[in-house]
Amino acid sequence: MADYPPGITASEEARLAEVAKDWALAHGLTVRPPLAVIAAGADPQNILATPVPVTLFPSPFPKVCFQQGIAVQKVYNQLYASISQDEDFLARMVEEIGGSDDFISELWKVHLRVKKEGYVQHKSLGLFRSDYMVHQDSKGSGPQIKQVEFNTIASSFGGLSSQTSQLHKYLSSTEYPLIEKLIQRNTLDLPPNNSAAGLASGIREAFISYGASSTSHDKCVVFLVQDGERNIFDQKHLEYSLQSSTDLVIPVFRLPFSEIQQHTRLADGAGRQLLYKPPHLQAHTFEVAVIYMRSGYGPGDYPDARAWEARYHLERSAAIKCPSILTQIAGTKKVQQVLATPETSPNPSILGRYLSSSSSSSLSALVSTFTNIYPLDTSEAGLKAREIATDPELSKGYVLKPQREGGGNNIYRAAIPAFLKTIPEAHWPSYILMELITPPPVSNTILRNGKLEQGGVICELGIYGTCIWDQEAKTISHNEQVGYLLRTKGDQSEEGGVAAGFGCMDSCTLV
Ligand code: ADP
Ligand code: MG
């Protein structure tokens, strides 16, 4: 598609921007306005919303790559469910990350405390997202996706992503054909995207799988959120989808992480049911069947010991956690590195062990999504990585990552050697070094805060998966692939986070 997206006039572009903006507002493809849009304190009643940044056209994405991501998702779900069940392996990962990472150490301590008294809930819910970029190697073989990271906690944008696909579908049937003869009505190959409904149905399945309430209270789902969340409508779409079941009433409440102790307690007795009393309904108490965490993934949510006690309180409860601490740790970059660097792992056939029921072809399909990732320890692979990471020339092809989520934490390219000088060598093993994936150039126009940014862009595909398993019985009762996310950023930016202000929402037209 050499002429795609088409060159259009300034007035055509302005028209598209106008239509996209109104569609976004009308359909909740929105966020709370950032400071760039509205001055601090200018919306004291918190009544405003603004369109999320989007591309004016769906970006072209290789069909084989898209299908590759879809095909491998259920195997990835199974892999991460299995890793979550392997406590010894995760204990080794925590040890390798080392005590210099206080956040991971504290998480692990919470797990150990609960383990000591015994978990009362063995079921676990994963709402996962596996992120990829297209890699085209110089040898001329076809394009392939390579995994950027695998998210096991607060995998976001599923609520807005299906909406973005709808926006582009709408534009392709109404606007594009008018301005560009080459894009006749509905001729773009726009894959269906059920991310919002799909993620919600994962939560719904967990709600059912919790079983009947064993206190006298109705069951509910709690979304554990951050104060002042700007990306709230992304979460709201999941909430509305959950509540739209006609055969099942699922009360959903939003609980700020900072208010866990204030509004929840454990039932008396050995069952440790989590009881939630909504602040606005003091006569009501609910038994929490599922805790869906859209917070708690980074140190910022744990300012003091009380916050860690709150996480412990949830972890020891009977609610099904999305995710449990073990699953959260399974999602660290360290685990991803060990999977991708088999010679450094204690068991060379680690993937075969976790995926013994998978065919060898689905196993090799999974392995083909790995790119080179190195530890920064004193193993053979680690020493090689240290050579690269301390060399201003060699480090240009790499990104250095700590064990953090949520964007803005990585160190890129030539900045790596100088950064490493600022931290003691004993702390280096808490980082991993990853080869940069350099996708083929694509161009598009981003509509951000009412302004258009035209130019080269880089696209990152996320595939969502839902999984429910039993930690003790080691069985998986639910495993689905549910929709996708395409995030796009200007090619001058290293980070791609939409909420962090670097990237924008997009959808795929398959080529
Ligand atoms: P986080 O957990 O903060 O989201 P990521 O590993 O997803 O961390 O990195 C953040 C962003 O950095 C990605 O969305 C992507 O834009 C960029 N990035 C990360 N790893 C790579 C890589 N190997 N190649 C190219 N870009 C990368
Ligand atoms: Mg990421």
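Even glycines carry a Cβ here, placed using N, Cα and C.
Unlike curated records, TrEMBL annotations are generated automatically.
The Mg(2+) site recorded in TrEMBL comprises GLU149, ASN151 together with one of GLU387, GLU393, GLU405, namely GLU405. Under 6 Å, Cβ to nearest atom of ligand 1: this is the test, and of the binding-site residues GLU149, SER295, TYR297, GLU405 it is passed by GLU149, GLU405. Geometry remark: SER156 (substrate binding site) versus GLU405 (Mg(2+) binding site), CA distance 11 Å.
Annotated pair ALA154 (substrate binding site) and LEU436 (ATP binding site), C-alpha to C-alpha distance, rounded: 24 Å. Under the DSSP three-state reduction, ASN151 (Mg(2+) binding site) is assigned to strand. Secondary structure at TYR412 (ATP binding site), taken from DSSP and collapsed to helix, strand or coil, is strand.
The DSSP secondary structure for ARG129 (substrate binding site) is strand. Neighbours of the Mg(2+) site: apart from GLU149, ASN151, GLU405, residues of the same chain with C-beta atoms within 8 angstroms of the site's C-beta centroid are ARG129, ASP131, PHE150, THR152, ILE153, SER155, GLY331, LYS333, GLY406.
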